[in-house]
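Chemist: This is the structure I have questions about; it appears just below.
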Amino acid sequence: MARVALAFQHQRRRWISLCLLLFFFVHVDVARCFYLPGVAPQDFQLGNELKVKVNKLTSTKTQLPYSYYSLPYCLPEKIVDSAENLGEVLRGDRIENSPYVFKMREPQMCNVLCRVTLDAKTAKAFKEKIDDEYRVNMILDNLPLVVPIRRPDQENSIVYQHGFHVGLRGQYAGSKEEKHFIHNHLTFTVKIHKDPVTELSRIVGFEVRPFSIRHVYDGQWNEKTRLKTCDPHAKALVTNSETPQEVEDKKEIIFTYDVNFEESDVKWASRWDTYLLMADDQIHWFSIVNSLMIVLFLSGMVAMIMLRTLYRDISKYNQLETQEEAQEETGWKLVHGDVFRPPSNPDLLCVYAGTGVQFFGMIVVTMMFAVLGFLSPSNRGGLMTAMLLLWVFMGLFAGYFAARLYKMFKGAEWKKIALKTAFFFPATVFAIFFVLNALIWGQKSSGAVPFGTMFALVFLWFGISVPLVFVGSYVGFRKPAIEDPVKTNKIPRQIPEQAWYMNPAFSILIGGILPFGAVFIELFFILTSIWLQQFYYIFGFLFIVFLILIVTCAEITIVLCYFQLCSEDYLWWWRSYLTSGSSALYLFLYAAFYFFTKLEITKPVSGMLYFGYMLIASYAFFVLTGTIGFYACFWFTRLIYSSVKID
């Protein structure tokens, strides 16, 4: 009786836990926002000080970020760096304080920030940044600064450009000579959501309209000088750039700004919606749904063919009665004595399979966190930090799966395979990353990873990842070896001449098309977010696309593996990995196509950075998709050869 009561109690606890979990998911879905501690709303009273921070200067033409104070902008009394996480440093973020100080709900007009006289060097620096279309990025209450731009093709439709341009190029009326003009007057609009009861306000938007104006004043310049071009007492406000401020040697530039406060119905929890709205949302939705339907249709076809064909084959093989019929066997059963023969270079296959499992685990957990809202854009750099840490800790699974496969291949030196797994892929990526970082250092960009951060990355690798790989390998090697469902012959069977369409290179290249087709639409938006500095936050769709990728990698590899075995070619180990892994080649070719059609990169260093980082991404995609295809084929071969009677 006591046991029954105890069992009932355990069952009741499970139901309570399940209900709490479901409530959590429903609550997150309905609220549509989930914020981590540290990004909770901040309430401001009338007159509270609002401190604007400055971030890096960015350009889609060079992809090289620079510190805000690399240009001779107005300086605060003391430059203070904000604490940055690992992801922010790797992104090139350099968040610092600024001389811009607002007061809550107290508009300011024509505030003079400072006066700067250019010399040849500073004028050249400004001109170079204007030529490369650099943008200034600022932050207020963790919200990035945006410039609202009306879309000419749609009424009442506004898109938001992140940051404002340093300046612009143009010509004076009647002149053909092109000049450089700087945006030296900023009209800020701080959108607030006010509580009518407490009178407390929360910041829900941070916008700016930049202007270029040549300020004019009487007499000698001093702190009390009043500008003729921007004087609220004389109602002379800056509303256009008809008399722009030219950038030349010995030119005087006066930096000014206005601040307006605008009440908004947008609540604090929804303030990021403006930033996350994509300009081509309809195209995005249509493309995703279209891709999903095509891939599901193909997957259904593949599954139907496989089930019908395999069912017929297995039934036929199990009903063979006479010796004459047995001798007339053709197809995949003939190679049962060779199908589990270890491949050439088995150590490398074990390393790649283990590394792929490491990638798979990292992406699955990252996706789960992202879908639940833990990696929202308000947590700047959180996505990259999470991926790095998860990669390090997933080393445990890399070592385990590599050692299990290694032992199945009759390997005896588990430490050797653990060492190769811990160093092969990370060392390759780190070498490419180090070269790219050296190029960024040469350009004196803030995107260069500092020595301290580089040391932290090496510590994560050697201090945490490597030991975890060894622990995983030790545990995996201690497990009993995976037994083959059929015995392997001592003498290898001769492989007959293959048809042209079963040529390894041809079938491998064909196999990569379907997995790439499942992701290439989403890939466009991901590349746009990375290289055109836009936010990407449709992780729900990305997770669906990832599931489609897993299914297509598995199915296309199984189908081609089955055709290969039917043609009496039993060398499936490496081919199964390369079949789905070849989609990485198409990814890299698409990245090259994107570079020449969508980007305006002209500098050789920037081009090298683009192709260097896309090479790393393609290599990682190869390891991930190759591992999915390999383990699908591994499961498939074990399944079919354990389902038939072998005499």
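Cβ coordinates come from backbone N, Cα and C, glycine included.
In TrEMBL, annotation is done automatically, which means it is predicted and not curated.
Residues annotated as signal peptide in TrEMBL: 1-33. Per TrEMBL, the feature transmembrane segment maps to 285-307, 349-375, 381-403, 423-442, 454-477, 508-532, 538-565, 577-596, 608-636.
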Chemist: So, does the transmembrane segment (538-565) come close enough to the transmembrane segment (454-477) to give 3+ Cβ pairs below 8 Å, pairs being at least 6 apart in sequence?
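Modeler: No, these stretches are not in contact.
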Chemist: Is the transmembrane segment (423-442) in contact with the transmembrane segment (349-375), using three or more Cβ pairs under 8 angstroms as the rule and ignoring pairs under 6 apart in sequence?
Modeler: yes
Chemist: So if I exclude everything within five residues of the ends of the transmembrane segment (381-403), which remaining residues of that chain have a CB under 8 angstroms from its CBs? That is, six or more out.
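Modeler: Sequence-distant neighbours of the transmembrane segment (381-403): 84-91, 93, 350-351, 353-355, 357-359, 361-362, 365-366, 369-370, 374-375, 414, 417-418, 421-422, 457, 460-461, 464-466, 468-477.
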